[in-house]
Amino acid sequence: MKSNPAIQAAIDLTAGAAGGTACVLTGQPFDTMKVKMQTFPDLYRGLTDCCLKTYSQVGFRGFYKGTSPALIANIAENSVLFMCYGFCQQVVRKVAGLDKQAKLSDLQNAAAGSFASAFAALVLCPTELVKCRLQTMYEMETSGKIAKSQNTVWSVIKSILRKDGPLGFYHGLSSTLLREVPGYFFFFGGYELSRSFFASGRSKDELGPVPLMLSGGVGGICLWLAVYPVDCIKSRIQVLSMSGKQAGFIRTFINVVKNEGITALYSGLKPTMIRAFPANGALFLAYEYSRKLMMNQLEAY
């Protein structure tokens, strides 16, 4: 059966959702540590200290704070990302004057991923805002920046709507876009280059699960090394805006560098790097295999 664009988009969207779920389930505790260390670098001496304090203060559940919005965020982001990735690949083919079925180069795939990430950022920003606030609620309360309240997804959503209205969910959108667009160029670029390396002249579609996971891990490492300081500023804007009006990206960036130094922009890098390999490896493994399964069923139908 010949695939039409709507069916292809639905397959990419579903496979992206599977990838997003796998990413969260494998990497959530490290993401929680990352956000805590980015937003409150003075409270933690390092990853081990952050883990021990989180466990002593909140218990094991503290590592999984924000898992529900993280799942929603990653499913929404990766569904839109991979659906738009397929569409953007066609745009790149058209701009480059290629046939609709032509294989793109690794650089062209990276460009398509970068374009697709701009659309994904629009659905990611609101859910990531809720996730980041839930993950740092304990620190915000104990530092006196906000009053004690219920630490639930719904309480955070109601607080945002009450204070800022629907547009409040887009605190940090500019920094999210600044992270996503260049970041996903390196993400897809690193992934595709790694797949080309492991394929060694064979078709990339023939790669097994281990090369796929390693390629996904390389893509994740490339993304975070390229844009980590931007992500740090994004986390601060989204979390600290809980206590009142927060400065924009440029002013927040200048304040952090001036008052805390350049190294503050890399707070939480270690858990991010540890998380990048398994989480992004699982993402691409789930995406590629679920997509292949659905494509095979479609062709057999």
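Including glycine, each Cβ sits where the backbone N, Cα and C put it.
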Swiss-Prot annotation (transmembrane segment) - matching range among 237-257, 279-299
237-257
For the transmembrane segment (207-227), the candidate among 110-130, 168-188, 237-257 having the most Cβ pairs under 8 Å is 168-188
Which sequence-distant residues neighbour the transmembrane segment (168-188)? Criterion: at least 6 residues beyond either end, Cβ under 8 Å.
81, 85, 109-114, 116-118, 120-122, 124-126, 128-130, 160-161, 219-220, 222-227, 230-231, 233-234, 237-238, 241, 246, 248-249, 280
When you scan the chain for residues with a C-beta under 8 Å from the transmembrane segment (237-257), skipping those not six or more beyond its ends, what do you find?
35, 39, 128-129, 132-133, 136, 140, 145-146, 159, 171-172, 174-175, 178, 229, 264-265
Within the repeat 'Solcar 2' (104-197), residues counted as helix, strand or coil by DSSP:
78 helix, 0 strand, 16 coil
Of the residues in the repeat 'Solcar 3' (207-293), how many are helix, strand and coil by DSSP?
77 helix, 0 strand, 10 coil
